[in-house]
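Trainee: First, the structure itself, so that you have it in front of you.
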């Protein structure tokens, strides 16, 4: 029986589907430049640069004003509220610079996490209050997609059934509100890499989480063709002593997705989860070469793993513009190649690209 109360019109569905497919077309992925003021401050502190709005603006200007050919690698950029309204040195809005390159503009809309009482320090996501109005304003101001991040951890009795169900339902509710306002939802249920668990444990938990998320999305009448998934790769915990190859990570990851993610979803854009730039690229490449059916585009939505080398090259100095932009373009191209299974590892002498970017209990 046809749904008695359709959530979206055929025109709304068409627009959402086209935007989602455009973001992940032909090896394109997402630059996650939605770090909060505090998180960006931590990054700047490591290169001994003061955390001021101007310094944050200057670094992001370098990323957004690279050669237009970046649009062959980057299909979308997720911005933080501050960044959506910032301008380059000539007074042009960043969002307009990106749109002129053919890059879709997105926005982070969750408001962080809050404790779930009665659990082992588990959390749920904040930000549903007033979300529809904020979505409408961001859509008016040029955003066409948005991100909502839920955090689940592997620990003693974690993630609990309550945490999985609560976060799945919150992700689904947000996705529905986004779509009602013409924004493609980037659904991000992150099983964080904190801990000493092995890869098999992570796969088990990831499958349980994704199954719950897609059940909730169905319950909330979310149009899957107009969404993208931003999951963790299936990896061992950061403190696990056993090491796994990219091929092992790929097989576990694609198996988990194959068991839980409907083929209607146009694209899966992995988060980097604190991996080094090079490891994030190698794992993505192996995932695309994995000999299992892959009905979705398998791409990237990286923050640290696209920016670490560029940030190190910049060092807060205007004269390092060329080196900064070259470092960013190099990583963007490498990940675009990996999204097509065409990346060739040549060995890296760049310490920034091979350095672990892991931060315990990482928050945006």
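A Cβ is built for glycine as well, from the same backbone N, Cα and C atoms used for every other residue.
Heads up, here are the entries from Swiss-Prot:
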MOD_RES   13  N6-succinyllysine
MOD_RES   36  phosphoserine
MOD_RES   39  phosphothreonine
BINDING   43, 272, 273, 274, 304  beta-D-fructose 1,6-bisphosphate binding site
MOD_RES   119  phosphothreonine
MOD_RES   121  N6-succinyllysine
MOD_RES   132  phosphoserine
ACT_SITE  188  active site, proton acceptor
ACT_SITE  230  active site, schiff-base intermediate with dihydroxyacetone-P
MOD_RES   272  phosphoserine
MOD_RES   276  phosphoserine
MOD_RES   299  phosphoserine
MOD_RES   301  phosphoserine
MOD_RES   309  phosphoserine
MOD_RES   317  N6-succinyllysine
Trainee: Tell me the Cα distance separating residue 272 (beta-D-fructose 1,6-bisphosphate binding site) from residue 309 (phosphoserine), rounded to the nearest angstrom.
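Mentor: Cα of residue 309 (phosphoserine) to Cα of residue 272 (beta-D-fructose 1,6-bisphosphate binding site) measures 15 Å after rounding.
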Trainee: Using Cα-Cα distances with a 10 Å cut-off, which of the recorded positions 39, 273, 299, 304, 317 are near residue 188 (active site, proton acceptor)?
Mentor: none
Trainee: Of 39, 119, 276, which of the modified residues has the most Cβ neighbours inside 10 Å?
Mentor: 276
Trainee: Out of 13, 119, 121, 317, the modified residues in the record, which is closest to residue 43 (beta-D-fructose 1,6-bisphosphate binding site) when you go by Cα distance?
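Mentor: Nearest by Cα distance to residue 43 (beta-D-fructose 1,6-bisphosphate binding site): 317.
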Trainee: Counting only residues 6+ away in sequence within the same chain, which have a CB under 8 Å from the CB of residue 121 (N6-succinyllysine)?
Mentor: 115
Trainee: Please report the distance from the Cα of residue 36 (phosphoserine) to the Cα of residue 304 (beta-D-fructose 1,6-bisphosphate binding site), rounded to the nearest angstrom.
Mentor: 13
Trainee: Below 8 Å Cβ to Cβ and six or more residues apart, same chain only. Which residues does that give for residue 230 (active site, schiff-base intermediate with dihydroxyacetone-P)?
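Mentor: Expected: 30, 147, 149, 186, 187, 188, 190, 268, 269, 270, 271, 301.
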Trainee: Between residue 304 (beta-D-fructose 1,6-bisphosphate binding site) and residue 39 (phosphothreonine), what is the CA-CA distance rounded to a whole number of Å?
Mentor: 11
Trainee: Could you say whether, by DSSP, residue 301 (phosphoserine) belongs to a helix, a strand or a coil region?
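Mentor: Going by the DSSP assignment, residue 301 (phosphoserine) falls within a strand, counted as strand.
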Trainee: Using all protein chains in view, find how many other C-beta atoms are within 10 Å of the C-beta of residue 301 (phosphoserine).
Mentor: 28
Trainee: Any same-chain residues 6+ apart from residue 13 (N6-succinyllysine) with CB under 8 Å of its CB? Would you list them in sequence order, or say none?
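Mentor: Long-range Cβ contacts: 223, 225, 226.
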Trainee: Between residue 276 (phosphoserine) and residue 299 (phosphoserine), how many Å separate their Cα atoms?
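Mentor: So the Cα of residue 299 (phosphoserine) lies 17 Å away from that of residue 276 (phosphoserine).
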Trainee: Between residue 119 (phosphothreonine) and residue 299 (phosphoserine), how far is it from one CA atom to the other, in Å?
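Mentor: Cα of residue 119 (phosphothreonine) to Cα of residue 299 (phosphoserine) measures 34 Å after rounding.
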Trainee: Can you check what DSSP calls residue 188 (active site, proton acceptor), collapsed to helix, strand or coil?
Mentor: strand
